[in-house]
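Annotated in Swiss-Prot:
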- 1-26: signal peptide (SIGNAL)
- 27-116: domain 'UPAR/Ly6' (DOMAIN)
- 29-53: disulfide bond (DISULFID)
- 32-41: disulfide bond (DISULFID)
- 46-74: disulfide bond (DISULFID)
- 78-95: disulfide bond (DISULFID)
- 96-101: disulfide bond (DISULFID)
- 109: GPI-anchor amidated glycine (LIPID)
């Protein structure tokens, strides 16, 4: 084995270790349940089985009045897209899998999603270059 091949192998191992290191201590998410929209939610470390941070905003219409509430939590699955059939409830749910990514329900493409796609693309190019 020549030194170039050994260097490439070490770089590959380092890249894999860096990509895996972030999950060693568990995902961190904000957590609160049914609180007013303006309320701050504390950060928690999720259980190892929880792979998603959930952000849910709910608007309740009761007696011509609107109440806006939010829930932030860790879950093992993404409930986005599950319809609520009550016409007096409007709900928006988003799921993400980066630390503290559920501060708000995104209105467009997530910055973290775009960063993840970019990182994956870049690591693929680096990997092909090394091999």
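Going from the start of the chain as shown, residues are counted 1 onward.
Glycine too: its Cβ is placed from the backbone N, Cα and C atoms.
Feature annotations (Swiss-Prot) mapped to structure.
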residue	record	Cβ within 10 Å
29	disulfide bond	27
32	disulfide bond	16
41	disulfide bond	18
46	disulfide bond	19
53	disulfide bond	28
74	disulfide bond	21
78	disulfide bond	16
95	disulfide bond	19
96	disulfide bond	22
101	disulfide bond	22
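Confidence annotation: the domain 'UPAR/Ly6' (27-116) carries a mean pLDDT of 90 in the model. Residue 41 (disulfide bond) and residue 53 (disulfide bond) are 13 Å apart (CA-CA, integer value). Residue 101 (disulfide bond) falls outside any helix or strand according to DSSP and counts as coil. Proximity to residue 78 (disulfide bond), judged by a C-alpha distance within 10 Å, picks out 96 from the disulfide-bonded residues 29, 41, 96.
Note: the CA-CA distance between residue 95 (disulfide bond) and residue 32 (disulfide bond) rounds to 15 Å.
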